[in-house]
Each structure stands twice: as C-alpha cells, then as structure tokens.
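Asks: The domain 'Cytochrome c' feature in TrEMBL is assigned to A:41-144, A:186-293, A:313-401. According to TrEMBL, the heme c 1 binding site annotation covers A:CYS55, A:CYS58, A:HIS59. Look at TrEMBL and you will find A:CYS201, A:CYS204, A:HIS205 tagged as heme c 2 binding site. Annotated heme c 3 binding site per TrEMBL: A:CYS326, A:CYS329, A:HIS330, in sequence order.
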Amino acid sequence: MKRMTLWAVLLIALIGVIVCAAMMWRPSIQPLNTPVTADATKIERGARVVEQGDCAVCHTRPGGAYMAGGLPLVTPFGTLYTTNITPDWGTGIGNWPEEAFVRAMRKGVSRDGHFLYPAFPYVHYSRMSDADISDAYAYLMSVDPVQARAPENHMMFPMNFRPLVTFWNLLFLRDDPLVPVAGQSERWNRGRYLVEGAGHCSSCHTPLNFIGGEKSSEHLGGGLVDGWHAPALTGMTQAANPWTPEQLVAYLRGEVAQGHGGAAGPMLPVSLSMAQLPQEDAEAVAEYILSLKADITPPASSCVAASPEPIKPDQREGAALFAGACAGCHGGGAPMRTIDGRPGLSVVSAATSDSPRNLIKTILEGIPLSTRAPSHYMPPFADALDDTHIAALAGYLRGQACAAKPWADLEKTVTTIRHEGEPK
Amino acid sequence: MITLNVNGKDHQLDIDPDMPLLYALRNHLALNGAKYGCGLGQCGACTVMVGDKPVFSCLVPAAAASGKTVRTVEGLGSADKPGPLQAAFIDAQAAQCGYCIAGMIMRAQALIETVPHPSDEQIREHMAPNLCRCGTHMRIFSAIKAVVASGVKP
C-alpha cells in the first residue's frame, strides 16, 4: 500500500513536470531566406503605428542608431537591454517572418521560441488590430539595418530563467481584441484603442504589483517610472486645475498647454512621438482620457492659489533662491510667461501634487533640448544647487502652490531622489 | 554679507543673496571672463566651476555658491602664463569673436579633471550645453583633444 502511494506521488510529480515543461516551451519559427519588401503606402501606415507605439523611445539608446536597441531598462528584477529591431540579418529582426513578429507582439515570444520579458509591453500590443501589427512589421523591415548586439541582461534569480515568464503571462496577458464600445463616439473608441493598445499608457500610469504586473483595480490610477511619478489619468477633469481637451492635446504634442506645465521626464519622448503624428491621434487620446473619472474628488482640490501667498519667514531663503535661479524664466514678468503664455509654477501639477517627486526631479535634471518638436527646455540644477537649497526652493514653491499642505522631510527626499538610480 | 571663495581667495561681499553669481564675479570682483549670454541657462557663456562641476553662473544665486569653491577662467592662467587649456585654445585659434570661450574652457576643464581620457563622444556630449554662434566648434574640439592627448593635467 505504501509502495502504491509512493508510485502515485511520483507519477503526479512527473505529470506536473511534463505539464510545466510543455507550458514553458514555444517552437522556433523558421527564419526567412530572402529579405521582405512591402509597398510604400503600407510602410507609411506602419511608420504611424510605430510612432503610436513609441517603439523608438526604448529601442533607440541616446546617441545610438535608430531602433538598434541597447537602452538599459532598470527594473526591480535586474537590468535589461532593449533589442535591435532593425532588419539586420544577424543581430536584428531581418530574418523574422511576419508570423514571428505577430507572435512577439501578441504572445511575447521571440522568433527562436524564447520568452520576452514583459518590459516589452506585449500585454498591450496584443490588443492591437491585425492590420496595424502587419503595417508596423512592414515599416520596421524597411528601416536602415544596423549591426548591433544588445549587451547581456543582468536579471536576478529566478527571473533570469525566461521560461518562468509563462506563469506571469497566465496572470497578465490577455489578447482579446478591443471591441468598440457601443454608444461611445468613434473618436472615443479610437482614443481607447490607442491608449490601451499601441500607446500602452498604463505601462507607466498604472501602479505595479510586486511581480511587476499592472494592478488592474487601479487602472491608469498613477504609477512610478524611472523615478518620476506618472500621474493618474483618471479624474483629470475633476482635478483642482482641470484639463480641457485643447490643453491636453497641446500637452500631448509637446506644445504649450495653457494653464499647465509641459511634458518632462519619461513623458517628454512620448510627447515628441505624438508631435510627429496627425493631430487627430492626440485628439482621440485626449477624448478617451478625459472621459475617465476618478472615484473620489482628489484631495488636491485644496491646492488652489487664487492670489500669491504671503512668504513665511522659513520660506525666505527659498524665495531668494527662486529669484536668483528661476525667476528669469518662471517669474511673473519673464518672457517665457508673457510672450509664450506659460503658466506660473503655482498651478503646475509638479507643485500641486501630493508628492514633491516630479518638482525635485525637474529641478535636478531639467528638461533636455529636443529637435523633434517645439517642446520645452530647462537647464538641470543638480550641480548648481545642493540638497538644502533645492529643499528650500521646493518648500517655497509648495507654499505658493498649496500653503495648506506643506511637503514634509524635503531635504531628505531631495537627497534620496538625487541618489536614486546611481550604481550601488 | 555673502562670503565667496573664488580662485582660492575668500571675498566678503555686501550683496543680496539672490544676486546671480555671474553678476557678483563681474561687477564686484572684476572677473570679467565669464560672459552674460542669455541669462536663461541656454548658451553656456557664463560657465564657471563650483566645486568640481561646471555650472551656468547666471542661474546660481550667490547664496547657493557661498561656502563652496568657485573657479573662473582667470584662475587657470594669465595672458602671460596661460594654463594648458588656454594655451591649446590659442594654438588652435579656437576663438573667433571669443564671447563663448571662457565658458567653453571652464566646461572643458571640468571634464578633463574628472575624466582624464575622455572619448570623442564624451567630449561632444559634455560640451553640448555650450554654444558658439561663430561656429568654431571643431577648433574648440581639437583644442580639448590636444590637451587630452598631451597628458598634461590642466
């Protein structure tokens, strides 16, 4: 009897191993023998899809060749390097048939059968239409091939064992198409398709759980990316400083959004991508996002500065630093405000948000110059101001924007944020 | 009173704490190497070093520079005895109108002090915030490369 139980346990274990192995195995797809070609209209459509998907934002490293990869992505589970998606035969996707590209986009599996890490947002690309994925393939296969191999990933155990991604996929990968919602306008549905599909907005704007999956219960409720707070996209019309469609369209396209700050941090390249797209894409995205309501009115509503707040004694140092370092652009009489119509800092989300993170990040890093759109520019102050000064500055600006709710522990926060992302 | 340590010397200045460092250097210490260009941190003509970092002195309030070591182009050498970078800029005839040069030299100085053998890409990336409207970038670049190649510590 004992013997039989032992055999049964072994048999069940064996079946378990076989089932797991089967789940973790994906076949290789036969490589192409000859390069593919496509007609110019299809390639042009694909260029638009690839821009909507922000592919180049991750697959081009600063100073590197277009789509040749090599950008490090620091995740809680280790560092990944983006891959070369130019049609180079040996190091890119030159020998990938369309079938392999579709599988990567929809299932997160590479041509040779290995699992791709979910930093590649296939959980969102899987919701795209067949036509868009096919066009994106045609475009990517038409860009200049570049020979470049991505550096080795440094993932920690056990996530360095790629087949485990199969279990992650069971939890987070859905590939049912986005069916248009009846009763909503065509533009709203188009916006939803762009936001939830190619645009993969929730990759940054939804909080992640401990295994790096999006918390579906807090969809688009705000997240953290590269040390920047990605604000909630829900309730943007309910905020203390509500957004209009015109403002959001301008913001999304890297232009001046009257009454709001400009795109910075990881959102800057996204806005530069959107600036390349027809305005109707940004209009659709704005219509969908502004229709998303938050459950409660955000408490930020107490942050309404009707008139300049009196400067408290402990804010005098910050006020002097503002006058010397910031007022040339952000002061009331600065040309950036009087000519360009940019708002004062007391209404921008970086100053009215519950967290000082984005204000501190912007002061430290500035906003880099870009040649792709009118965009914004701010010099970095990391080397010019120390943590005490930045804390004083942030304290003063917060006092002007939201006197009722001062930020606590500013100097410590500045020090922490300054050293985040540094090699340990 | 604000205390500024500039080129190794302490100065007590009766100035407002919000005065940009550039104005203190030029108007109160007669150090006119650093230039006022845009006043917005976009051109780099005002670049000096605070500690071991290059900064736009038009955007550094004097109060923020107090207690730190400030270095300007005057601290690297004189017309009679130019420092290595200054000599290399003269040899390469890197100045046309010259307005950007003090800032260029100070930014290059900061690079060579922290990265003794920068690559061409590192030099280009590091120097990018400083503009030259005359277009002598290639001469500026070759002057910096000459100092790097010579191995002389500027």
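Don't overthink the numbers, they just go from 1 along the chain as shown.
Glycine too: its Cβ is placed from the backbone N, Cα and C atoms.
TrEMBL does not curate its annotations; it predicts them automatically.
Have a look at these and tell me how they're positioned relative to everything else.
Replies: Each residue of the domain 'Cytochrome c' (A:41-144) gets a DSSP state, and the totals for helix, strand and coil are 42 helix, 12 strand, 50 coil.
Cβ-based neighbour count (10 Å, all protein chains) for A:CYS58 (heme c 1 binding site) stands at 20.
Mean predicted confidence for the domain 'Cytochrome c' (A:186-293): the pLDDT average there is 95.
In three-state terms derived from DSSP, A:CYS204 (heme c 2 binding site) belongs to a helical segment. A sphere of 10 angstroms centred on the C-beta of A:CYS204 (heme c 2 binding site) encloses 24 other C-beta atoms.
DSSP assigns A:CYS329 (heme c 3 binding site) to a helix. In the structure as shown, the Cβ atom of A:CYS329 (heme c 3 binding site) sits within 10 Å of 21 other Cβ atoms.
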Asks: What same-chain residues, at least 6 away in sequence, bring their CB to under 8 Å of the CB of A:CYS201 (heme c 2 binding site)?
Replies: A:VAL195, A:LEU220, A:LEU233, A:ILE289
Asks: Apart from A:CYS201, A:CYS204, A:HIS205, which residues in this chain have a Cβ no more than 8 Å from the mean position of the Cβ atoms of those residues at the heme c 2 site?
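Replies: These residues sit around the heme c 2 site: A:HIS200, A:SER202, A:SER203, A:THR206, A:LEU220, A:GLY223, A:VAL225, A:ALA230, A:LEU233.
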Asks: My list of binding-site residues is A:CYS58, A:HIS59, A:CYS201, A:CYS204, A:CYS329; which of them have a Cβ under 8 Å from any chain B Cβ, in sequence order?
Replies: A:CYS329
Asks: Counting by DSSP, what is the helix, strand and coil composition of the domain 'Cytochrome c' (A:186-293)?
Replies: 48 helix, 8 strand, 52 coil
Asks: Between the binding-site residues A:CYS204, A:HIS205, A:CYS326, A:CYS329, which lies closest to A:CYS55 (heme c 1 binding site), Cα to Cα?
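Replies: Minimum Cα distance from A:CYS55 (heme c 1 binding site) across A:CYS204, A:HIS205, A:CYS326, A:CYS329 lands on A:CYS204.
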Asks: Based on Cα distances to A:HIS205 (heme c 2 binding site), point out the closest of the binding-site residues A:CYS58, A:HIS59, A:CYS326, A:CYS329, A:HIS330.
Replies: A:CYS58
Asks: For the domain 'Cytochrome c' (A:313-401), DSSP counts of helix, strand and coil?
Replies: 53 helix, 2 strand, 34 coil
Asks: Can you grab the distance from A:CYS329 (heme c 3 binding site) over to A:CYS204 (heme c 2 binding site)? Cα atoms, rounded to a whole Å.
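Replies: Each residue's Cα considered, A:CYS329 (heme c 3 binding site) and A:CYS204 (heme c 2 binding site) end up 30 Å apart.
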